Amino acid sequence: MRAELLIAKLLMKTIGKNKAIGILIFFINGLLIFALFSGFQNFQSQQAIITKYQYESRKDWLSNPDKHPHRMAHFGNFAFRKKSTLSVFDFGMESFLGNTIFLEAHKQNTVNFSEASFSTGLLRFGEISIAMILQVLFPLFIFFLGFNCISSERENGTLKILFSQGLSRKQLILGKIYGLIGVILGIFIPLMLVFGVTWAALEKSNISLDDAFRLLLITIFYFVYLCIFCVIAVLISAKSKTSKSALTSLIGIWLILTVALPRVSQTVGKAIYTLPSKTEFSYNIDKDILKVGDSHNPNDPYFKKLKDSLLVTYKVDSVQELPFNYAGFQMKIGEEISANIYKQHQNELWLTYQKQNIFTKIMAFFNPFMAIKNLSMALSNTDFTSYVDFQAQAETYRFKMAQEMNNLQIKLISNKAKSSADKKQIIDKKHWEHLEDFHFQKSGIIQVLKNEAISILAFLCWILLLQYFIKVSSIKLRII
């Protein structure tokens, strides 16, 4: 181990003396600082906007005057999803998926108000986040640091001298790997410390155990990810005849892993598991609802049969004689029908998305970039699963809101009211307070790790695979 550490120190010293690399490190640190503080600034701005409109939405709901409860159901409410503080580290899909849903009776709306919908097309090219720099730029930086770490020794003829002094091939390779990791840690550890301190300050030291564990796992997984590229750089340098060919090979690998494979996997996944258009999706839901029963159609066979059965059960001749408001009861049953059918179609849609995502997750076995991307977004609560959870929770809240208004109509609105202006059609506004505000609950860390089991397994496979290649390279390393 002493020999490996000496080799590592020598490599770190050599890299430290290189002025070009010093400029590159300065540039990367500048990018990281910019990403850190612009991320926190954007987070605070977005949180302030969401908090403001969430307050105004609640205020508008409570300030409604006495009115018919079904009108309140159509007045609607808003569901807001506050950003996770760890989204400062990895923006993930936050900018494209939106954070607000308008909730109303009989209708399921989509999530709106994403940053992408208000921005220019430049956002499509990506955003500068800490995660993006670590995922994309750091591997390239590592390759520039390590492309000639062994090939230059061969070109200069110093390999013969090193081996003649009793150094083994494995010690040389491990020493170079440790040296590269040491240089990277000199940037990575201070970065995570600064992020942690700034994050704690933003949260006013009120950090949950779940979030603290998330940040710890993010740090560990990114460390493993960067180590993988350090090993790749050294192994390619050991195998290449010249430093030039090593650099060419490493740049090619970087382009394939960070650009080509992610694009190809997404395209193939979409081609294999196709999705219906928004129009087709809505049409299929409406068609299935009409097959069961339309609560807005007085001549609908399903609801006519339901009405007749109620008249027989209560032994009355008309709905006006029923001991409850029939229109509200009809709306309640209609809401149950439409909500159940919507959930069926929505679950089928999510299943297709899940199949697409599983396909891209499997690609992590061929590409560590995909593994860290999935893990980073999941731990930062900015992945697609978080979006699905938000929409599901919002739909549960929407259904509860609609049914509470329907229940108020059933219990408090008279069947004998002559017009909408009749006082019998209006209830006291105090009832609006009974509906609690919406609060999104993110998944716990255990569930996140279960969802990302494939990505974690892919990382373990990469570690075992590279250990094998280190062993093979230690045997086949050429001196000349």
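Cβ from N, Cα, C; glycine included.
So that you can see what the record holds, here are the features copied from TrEMBL:
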DOMAIN    133-259  domain 'ABC-2 type transporter transmembrane'
TRANSMEM  21-40  transmembrane segment
TRANSMEM  128-150  transmembrane segment
TRANSMEM  177-201  transmembrane segment
TRANSMEM  213-238  transmembrane segment
TRANSMEM  245-264  transmembrane segment
TRANSMEM  453-470  transmembrane segment
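Fewer than three CB pairs closer than 8 A are found between the transmembrane segment (245-264) and the transmembrane segment (21-40), and contact between the two stretches is not assigned (pairs 6 or more residues apart).
Note on the transmembrane segment (128-150): residues 11, 15, 21, 24, 28, 31-32, 34-36, 38-39, 88-92, 159, 172-173, 176, 179-180, 183-184, 188, 191, 195, 222, 225-226, 229-230, 232-234, 236-238, 243, 246-247, 250-251, 253-254, 257-258, 369, 372-373, 376, 380, 477 of its chain, located 6 or more positions outside it, place their CB under 8 angstroms from a CB of the stretch. Within the same chain, residues 15, 88-89, 91, 128-130, 132-133, 137-138, 141, 144-145, 187, 191, 194-195, 198, 202 sit at least 6 positions outside the transmembrane segment (21-40) and bring their C-beta atoms closer than 8 Å to a C-beta of that stretch.
As a summary of secondary structure, the domain 'ABC-2 type transporter transmembrane' (133-259) carries 109 helix, 0 strand, 18 coil according to DSSP.
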